[in-house]
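Here's the structure we're looking at; comments come further down.
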């Protein structure tokens with residue numbers, strides 16, 4: 001029985017609950033471009049469209065003006081769908097081999113999730129990873145203690161992934177949620193925040209644990225306040241374009257947001 005007006009929280013995976021800094025996908029994108037076409041992209045370029053499904057992500061990287069320029073210089077044309085297919089084909093086995101190495105939960109994530117479960121709040125999740133990558137990640141994350149009630153991968157639904165609301169709404173259906181206004185979507189990337197808005201949910205962006213700050217956990221721990229502030233502001237500038245209801249540093253700060261949304265729902269507010 002729930003003792004909260006919040007029915008469900010839907011979490012992203014990498015950079016939100018596992019894989020501090022969202023390094024599993026970014027490093028693999030760099031490697032996949034190299035392996036598929038002997039073409040160099042840097043980590044910043046690989047991070048730029050994070051949150052999209054991986055095929056769409058590769059397409060978006062190819063459309064970054066600087067990447068498109070270098071691609072044209074090397075191949076005499078812009079990237080085609082066939083090129084994207086080839087890079088995606090290189091990406092998949094690399095990602096499956098590496099994703100388990102980046103399954104460590106982010107600080108306090110398990111405690112926060114278990115606290116939500118104790119309140120009777122359901123835990124949904126969705127990811128920009130395709131199902132065959134999630135099939136590797138889910139059991140490893142479970143060994144660490146992370147067991148969401150439902151998981152949607154970016155290629156599970158024929159309608160597609162983010163920024164459309166379909167993955168979030170699939171969670172709503174499968175978790176038997178009766179009101180999208182009683183749901184919270186938590187993500188470290190803009191497309192996932194947009195997904196939450198499009199699904200009619202409260203949205204929470206993460207500034208320091210995810211893709212936009214791009215810090216390893218070790219860098220985060222060692223950083224002085226000036227370094228953290230610079231990373232925070234870099235992420236804030238990107239995420240504010242999606243107008244999240246809340247911006248917090250990491251999942252460790254989420255319980256205060258939950259308490260505030262509970263108060264607002266009780267007062268009749270809606271997202």
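Placed from the backbone N, Cα and C atoms, the Cβ positions cover glycine too.
Binding of Mg(2+) is attributed by Swiss-Prot to 12, 14, and within the candidate set 188, 194, 224, 249 the record adds 188 to that site.
Mapped onto three states, the DSSP output places residue 188 (Mg(2+) binding site) in coil. Candidate recorded positions: 12, 188. Fewest other C-beta atoms within 10 angstroms, 12. Across the structure, residue 54 (active site, schiff-base intermediate with substrate) and residue 14 (Mg(2+) binding site) place their CA atoms 13 angstrom apart.
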